[in-house]
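Copied over from TrEMBL:
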type     : residues : note
TRANSMEM : 44-64    : transmembrane segment
TRANSMEM : 157-179  : transmembrane segment
TRANSMEM : 191-208  : transmembrane segment
TRANSMEM : 277-296  : transmembrane segment
TRANSMEM : 360-382  : transmembrane segment
TRANSMEM : 394-412  : transmembrane segment
TRANSMEM : 433-450  : transmembrane segment
TRANSMEM : 456-473  : transmembrane segment
TRANSMEM : 489-509  : transmembrane segment
TRANSMEM : 515-537  : transmembrane segment
Amino acid sequence: MFDDIHPMARKTEARGSAAAASGRHTPADVDGVAASSFLWSTTVLAPSTAVAVALFALLIRLLVSLGPYSGQGTPSMYGDYEAQRHWMEITLHTPTAEWYRNTAANNLSYWGLDYPPLTAYQSLAHAFLINASIPESLALSSSRGFESHKSKLAMRWTVLSSDLLVLFPAAIYFVSVYFRRNVGGDAKGRSSPWFLAMILLNPCLILIDHGHFQYNCISLGLTLGAIAAILSQKEITASILFCLAINHKQMSLYYAPAFFSHLLGKCFRRKNPIFEVLKLGLVVIGIFALVWWPYIHSVQSVMEVNIHVDIVSIEKHFTSLLSLGFLVIHRLAPFERGVFEDYVANFWCSTSMLIKWKRIFTISTMRFICSIATILAFFPSFVQQIKSPSDLGFLYSLLNSSFSFYLFSYQVHEKSILLPLLPASLLALQEPTLFGWLINCSLLSMYPLVCRDKLSLQYGSVLALFALIFYAPHGKQHGRVDKSSTKRVALLTVGLICSAVLHLVYLGLEPPKRYPFLFEALIMSFCFSQFVIYTVYTNIKQWMLLDHSSLKMRVKKDS
């Protein structure tokens, strides 16, 4: 089918031809037609197939990017598009030490930078590119709300290029490693192109990055690269990539318990566990030191305190550096915003109709309660990976850990659902039905945001496209057979009907004047209930892997 087809794919094709010549049907044959004639019908990801899927995913992103974006034409604060443009402006025109500091040139009340330094460096890199052709779009102070056709095009291309440089290679790398390592067990009848499409055509990520306007593809791409590196037994590379992900968006910490427990569990099983832990610890410290170096060793801070070689001056200098570092950390943890932002399908927002958390508890008390609840939620998954680290268990742990943070942590917004969706997409072959349902619920939870951005057309289009590919012939059935009971299918059907009704209600009815956000609250409560069920199920599935591992150990001992 392809000239540059992978050698293993050629062997598979040859075996299929031999089977056809002998009159036998191979497992990949469907409805009497050789599966080799279909794009989906291979477990080996040929380069040409990967490029075809990637180009199609790029085309969909391009089409979505033609629509409106967050805050378009709505002064005075505009939206996330303006925030990203403003960060480029600030990083381009002000010293590094002022990026997180309130100054005359950098008014933090107007979209102050609130992501780690790697996001700032990314903004600076994009600023250099845009400033070379459209300098007026990044002029200090005077460019607020700048929205020319040329600048919009340039901004959109920065997101597309980030996808191409980070997320796409990471996804292809992961799919290749997944099948090479045979992570999900028997690979017969499972489709690598379909699997890649499920990762790259995640409708929620496409709508947020290329519609709403953000750069989640970078932190998620780095995380995905780290996951693939762990499956490839390249723990140092994985540590580097995951540290970079955290330093791009602090929400990547949602995955930290899974990474930590999995790597710790593996270290404990080696000859020198202490050395292994120290080795990875030094890598983490080194990457953080490198990324944060301007804030650890700020020349401007030295000049500000007029340092001399005496104890008092050294103490003053150290205090100045600490204050700068804490200033950055304070910007990354804006606790004053409250326990949740807007309407989000997590525990605190969904129960706030009954319990007014923000009124009953102070910010510090709520932080403590959220921390305890989050730890309790991810702890079972954490323990399982320390006791019995495995590739498949690691993927489940990533999902359970990220959902724990989404459901119970402090300061969550609706876009945070992208974090659980990444590991969920990596389990699409293991849990195809539930993955499809999770995509549906996640889209519904984002629907009020999408409507505010006037992206309803794009929303419906990417949802329909995803459904077509998800249920495509030689697509979903190539995943692990989902032995759903009649009761389970009935529950999913009821869920789909509820989702459709909520969409229609939100679109077609006016809420009561006394409760203007009633429909948003109903949507979030419904989605929260589904997310809780999903999380309980995947935690059970992860612990079942421990029983399976114990059984294999007993079989080995008996033999």
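Cβ coordinates are placed from backbone N, Cα and C, and glycine is handled just like the others.
As the structure is a computational prediction, the values presented were derived from the model and not from experiment.
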Short question: which residues 6 or more past the ends of the transmembrane segment (191-208) have a Cβ under 8 Å from it?
39-45, 49-50, 52-54, 56-57, 60-61, 64, 167-168, 171-172, 174-176, 178-179, 214, 216-217, 220, 224, 415, 417-418, 421-422, 425-426, 428-429, 435, 439, 442-443, 446, 450, 455, 458-459, 462-463, 465-466, 469-470, 472, 474-476, 478-479
Which range wins on Cβ pairs under 8 Å with the transmembrane segment (44-64): 277-296, 433-450, 456-473, 489-509, 515-537?
456-473
Out of 360-382, 433-450, 489-509, which stretch has the largest tally of CB pairs under 8 angstroms to the transmembrane segment (456-473)?
433-450
Ranking 277-296, 360-382, 489-509, 515-537 by Cβ pairs under 8 Å to the transmembrane segment (433-450), which is first?
515-537
Other same-chain positions with a Cβ less than 8 Å from the transmembrane segment (360-382) and lying at least 6 residues past its termini are 257-258, 260-261, 335-336, 338-339, 347-348, 396-397, 400-401, 403-405, 407-410, 535, 539, 542-543
